[in-house]
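For reference, the structure I am asking about is given below.
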C-alpha cells in the first residue's frame, strides 16, 4: 500500500503542485560554477572535475627504458633485465663477444701452461720433482696474469658501454656499439685504472691478512695455530664486511666516470655522497640481483653435472675410457664453457645496468634529475638545437648536487 500524501518541503507548496496548481516536483536549481582554484564537490553537477587552471594529474613521462621519476625496486629489476632485449647488440652481444674471448684466452693459456708443466714434471727425476713443481706453479701464476689483465680491461670496456647505454636509453635513444664507444672514448682509461686499483687494494688487503695468519701460525707453535684460526675466521669476516661496505659506497664510481666524465678522485667523492643515507637500499638491491643471477645460473648448469656422469656411464660402463668417452667428455666440457660464458655476459649486463639505474635513481631523488631529463626530452622533441647534456654537472651546463629534493 502506497501513501498518496506527497512530501512537502518546509514553507513550500505541496510537491504535487506546480506553478499552475498542477502536481509536480519543483525544479532543482543549477549548481553555480565553482570559484577559480577549487574543484566541484563530489555528487554535484557532472561529478568532480578539475577546476579552471588546475589540469588533472598525468603520469610521469617514459620516453625510453624507465619512467622519469624516482624508481622503485620492481622498476629497477625489470629495466635491468629489459636491457638485454631492448638493445642487445651493444650490450649482451658485446659482453658475450669480448668477455667470451677473454675468458677462452684465459682458459687456453692456463691449460697450455699447465699441460707443459705437468709434462715436464713427469719427465723429470724424483730428486728434481719438488723444484720443478714449485717452478711450474709460479709459471702458471705468471702466465695467467696477462689474460687476467686483459679480462679486466675488457670488463671495464663492457661496463662503460652498458652504463652509457642505460643513460641514453633513459632518454629514449637506441645507439649502436660504435656510437656508444665514441661516447666512451677518453674515459675507458680512467675506468680501467679504477678497476685495477680496486682489485689491487683488495688483493693487498687479503694478502696482509693471510700473511698475519701465516706469521702467527709459524712463530707461536700450537697456540699460534689456535690464534691463527681465530684470526683467519674473524679477520676474514671483518674483511668481507669492510669490503662490502666500501665497494657498495663506491659502486657508482664507474657511472660517474662515464656519464659525468669526472676524474677518479671526484668520482669517488661523488659516489660516496650519492650513497649517503641510501647504503642499505643500494646494497640490498645489488645483492638481490646477484642472488637472482646465481640461482638462474645454478638451475641451468646443475643438470649438466647430473647428465655428464650418466652419459659417460652408459657409453662406457666398464670404465675403459675409450675414444667415445673422451669425445663425450670434451663435448660436455665445451657445453659447460659455453653456458658459463653466456651467463657471464648476462651477469655483467644485468648487474652493471642495476648499478647504473641506482645511480640515475639517486640523482632523481637528491637532485631532481628527472626534471632535467624531462626538459631535455621536450627540448629535443621541439627541435631545439644545442641542448646541454642533462647528466653533466651544473658547472658544465646542468645540475648542482643538492640535498633539498622532495625525493631525498
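Cβ coordinates are placed from backbone N, Cα and C, and glycine is handled just like the others.
Copied straight from TrEMBL:
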REGION    1-64  region 'Disordered'
COMPBIAS  24-33  compositional bias 'Pro residues'
COMPBIAS  34-56  compositional bias 'Low complexity'
DOMAIN    72-349  domain 'DUF7847'
TRANSMEM  92-118  transmembrane segment
TRANSMEM  138-167  transmembrane segment
TRANSMEM  188-216  transmembrane segment
TRANSMEM  222-246  transmembrane segment
TRANSMEM  279-312  transmembrane segment
TRANSMEM  332-360  transmembrane segment
So if I exclude everything within five residues of the ends of the transmembrane segment (222-246), which remaining residues of that chain have a CB under 8 angstroms from its CBs? That is, six or more out.
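Sequence-distant neighbours of the transmembrane segment (222-246): 202, 205-206, 209, 212-214, 216, 279, 283.
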Report the mean pLDDT of the predicted model across the domain 'DUF7847' (72-349), rounded to a whole number.
86
Same chain, outside the transmembrane segment (332-360) by at least 6, Cβ under 8 Å from its Cβ: which residues?
66, 71, 76-77, 79-81, 83-84, 91-92, 95-96, 99-100, 103-104, 107, 155, 158-159, 162-163, 166-167, 170, 251-252, 254-256, 259, 274, 282, 285-286, 289-290, 293, 296-297, 300-301, 304, 307-308, 311, 369
